[in-house]
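Student: Got a structure here, written out as structure tokens. Questions coming.
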Amino acid sequence: MSTPARKRLMRDFKRLQQDPPAGISGAPHDNNITLWNAVIFGPDDTPWDGGTFKLTLQFTEDYPNKPPTVRFVSRMFHPNIYADGSICLDILQNQWSPIYDVAAILTSIQSLLCDPNPNSPANSEAARMYSENKREYNRKVREVVEQSWTAD
């Protein structure tokens, strides 16, 4: 990996340790700074409350000029999360900017949990349910939250 990307990832990690956003944690693998594990805790007073959701972030030597590949490892039910865990979020695609760091990425994903974009669905069933039957959508989200407690 190129030195600028490595330096930036070390800086991102240091910032995340020193000033972690609420409900978010993340760290690189022991021997690989380009592969990170992260956890997002479901925001309080939302259907996601109490959930512990695992993600991976894979960076390339083009970071921070190109976004990482981010995927949920935890099973999710959300309009903007594909079955394979990949996330439909503008800052991870066409709205990416080098000013975003790991903390900003994870915070944006945490915000997306509670504020999905049903007009850009990755999961059409979840998007339809979110728009047409919020009670049933919230029930499915609670199932995912409960599964997050026992998942590896």
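Each position is counted from 1, following the chain as shown.
Cβ coordinates come from backbone N, Cα and C, glycine included.
The annotation active site, glycyl thioester intermediate is assigned in Swiss-Prot to CYS88. Taken from Swiss-Prot, the feature domain 'UBC core' covers 4-150.
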Student: Compile a sequence-ordered list of residues in the same chain as CYS88 (active site, glycyl thioester intermediate), six or more apart from it, whose Cβ lies below 8 A from its Cβ; state 'none' when nothing qualifies.
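Tutor: Sequence-distant Cβ neighbours: ASN80, ILE81, TYR82, ASN117, SER120, PRO121, ALA122.
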Student: Let's see if you can do this one: DSSP helix, strand and coil counts over the domain 'UBC core' (4-150), in that order.
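Tutor: Its residues fall into 57 helix, 30 strand, 60 coil.
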